[in-house]
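Annotation source TrEMBL lists repeat 'TPR' at B:141-174. What TrEMBL records for B:226-244, B:256-279, B:300-323, B:329-346 is transmembrane segment.
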Amino acid sequence: MEEPLISSLRRALASSPDDIPLQLLLGRLLFTAGSSAEAVSLAAGVLQREPGNTDARQLMTDALTGLPAEHVRAPVTEPSVTEQWVAEAPAARAPAGPEPTDEATAETSEPENDVATGVDAAADTDPTEFDWSAAENDVHELAQPMFVDATPTVAPGSGFDIERSVITLADVGGMTAVKNRLNAAFLAPLSNPELRKLYAKSLKGGLLMYGPPGCGKTFIARAIAGELGARFLTVGLADILDPMLGNSEQNVHEAFELARREAPCVIFFDEIDALGQRRSQTRNSALRGTVNQLLTELDGVADQNEGVFVLAATNQPWDVDPALRRPGRFDRTVLVLPPDEEARESIFRYHLQHRPVEGIELKPLARASAGLSGADIAYVCEVAAERALMDSATTGSLRLIGMTDVTDALAEVSPSTSSWLDSARNVVLFGDDDGTYTELKAYLKKARRL
Amino acid sequence: MTHEDSALVNARTYLSLGKPADALRALAPHLASNPDDDRGLCLASQAHLSAGQAAQALGSARQAIALTPDNEWAWRLVALAYSKLGNVAEAKAAASTAQAIAPGLWVTHAQVAQVDIAAKRITGDAVEAAREAVRLAPMEPDAHLTVGNVALAQQDWAAAEAAFRASLRLQPDHPAARNNLSLVLLRQGRAGSAAAGFIDILVTDPASEVALRNLRAVAAVALRRIHFILWIAFAIVTVAFSGASQPSDSPVYGLVWQDFLIATAAVSGIFVGVYIVQLRRAAGRRFGRFVRSIPRLDRLLVVWAVLLVGDYALIVAACFTSVRMAQLLYLVAGAFLVAGSIVVIVRRRRSVERVV
């Protein structure tokens, strides 16, 4: 049963959620009452708004350092799944050896392995070390899933995940150029049927997003689905690939059928370069017919179905079969580049907001991270958290993630987009200048890569 | 088709798409439940090789051999893995074993030749094996590629060119055959055609580091040729007048010297012009792209080119000024040539690369 004062403060905070002193008071009471995780969450919320708030920092430190130390153990580094099966296959045939295992069973059998290797036994001998499991339990409520706003469901009778996305382009930080292009090429004609009729603008065809990996193409696709109030169906190579002759084509057809049944629906082909590879390069029988099937379905979409919007993403548009790029198919392209400064700030905010941070200045971080992809920034935050965590483990006293952790992590991480940009530069330098990559060319020139 | 078979087919598909990590992921559960499947192990070995993990590839192939000792595929994979690890003796032994197991299969012979090609030590066995591969599979582009690679390693340019062209006739977009043919053309002094070939590869595979490096080498070859012509012109003028009986500050000496300079500049200019026209003709419509790409290929190439252009501009200027000024400009032009040579020395020589 919760204390009446806490309950009363909760109600007060619900009516005025921006009241910082109230948050801190409730946090302090919750900490005293033993709800450290909630206290940390409240303190993190205050620090997010007021990074220099000393009371919040104190509460955060108190709440974090007040963790009980029961099960102390050292971190265990597991070999990768592929390493396991390659290395252990002969041992698996021997009676005493461990069974080779897939990823799922490896996770569930981990505690047994720990017991077998005596890690827990060793842990009990040194109570001064940092309590990893207790810390995990305490902060586990703080770690939110990356995207909670879309609820995937498996459509009955198919292996495809279909979800209803509630994120919109407003949730995409920065990237104004991309949003404008999306609006002009895709969203405005869809949302203005009268104007569309007036200008005789066809809805036929899909939109191809291309750009370096980790720059948010899939996120934008979801946002488009949210913007259109449509369901979102992701189709990847693994969903389509089938060794039986004709089954891959059938899977492509089923994906489109499902999208038609669930209309309005965005059907999103991830890594379209793999699925719709140039037919001259496709030597594999399992994929030979998929490009043709894709073409058939794309040609049929506008005539047969209303409300099916076809999107695709690729890192290598130059590998996509040219037939797929012809008018009426993926004839509209949008270049999704590494995030601009505003977007980088949003990404830093997103990845740090649920972590115990103090004194983080997002603008300098955004300025210093030019060229990094969204995935790179996520990794920077991960490295920064790791540094603070390891430091806490080494010193025995927990501390918040500070600006130095992030800037040091930033210095360690180099842009993963460089190799893509090198390839893109070669495409622009040596390929036929038919206007396909005008946007890319302009960017490379601006970035002094051309 | 069983579930096991589908895992193998999917893995093959991923490998054909250049996705070895996905192939290994597809194989993992299959091999976990079927650790005795030698085909699965061979595919895993192949995937590891594609991912640049030679040691793991060797482990998987060795496991496959332990299960089925007469598996020629596994022996070839062992040969390839040892080649990558630099153990030529073991690689040769493994390739020979595969050849002995399946003498009617062209790939086993090609593998024997491949070991020598990778080791850059061509033996009679390799030559014979490559020929046998083509005899067994005359319609297989890779068999011709092997013959070409053997000839290339032996610096038999004509034979190499013929073999690579045969390979390209069977598969016009074969990147390795295209690269190595361009390499042969470069060795034969046909830099324009070589540049066109490397550009063609970059159009279809913009991530090709090999083609980019080789294109850089073509640019260096072209600049070296122009540099050489200018050095010769400079040397002729210098040598011709170093032993003159007239004192160098006399008016007669100056006028004759300047006339000679004009003649040499004109002749060297014609030589350079003819060379550029040849390059342009050979490279065709790709010439413009080649020239535009030079600054992106290597900054030192730009410095080099600027020094050569500067040198020639100074010589031309020297032709039309007073004798005193002309002699000064001539000396500065000489300094430009020396600086260009220093750039050549400083610039790490980037070797051209074969695709084997």
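Using N, Cα and C of the backbone, Cβ positions are placed for all residues, glycine too.
Unlike curated records, TrEMBL annotations are generated automatically.
As the structure is a computational prediction, the values presented were derived from the model and not from experiment.
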Intrachain residues whose Cβ lies under 8 Å of the transmembrane segment (B:256-279), provided they are six or more past its termini
191-192, 195, 222, 225-226, 229-230, 232-233, 236-237, 240-241, 287, 312, 315-316, 318-319, 323, 326-327, 330
Within-chain partners of the transmembrane segment (B:300-323) [C-beta distance under 8 Å, separation at least 6 from its ends]
216, 219-220, 223, 226-227, 230, 233-234, 251, 254-255, 257-258, 261-262, 265, 268-269, 272, 294, 329-330, 332-333, 336-337, 339-340, 343-344, 346-347
Lying 6 or more residues past either end of the transmembrane segment (B:329-346) yet within Cβ distance under 8 Å of it, the residues of that chain are 224, 227, 230-231, 234, 237-238, 261, 300, 303-304, 307-308, 310-312, 314-315, 317-318, 321
How many of the residues that make up the repeat 'TPR' (B:141-174) does DSSP mark as helix, as strand and as coil?
27 helix, 0 strand, 7 coil
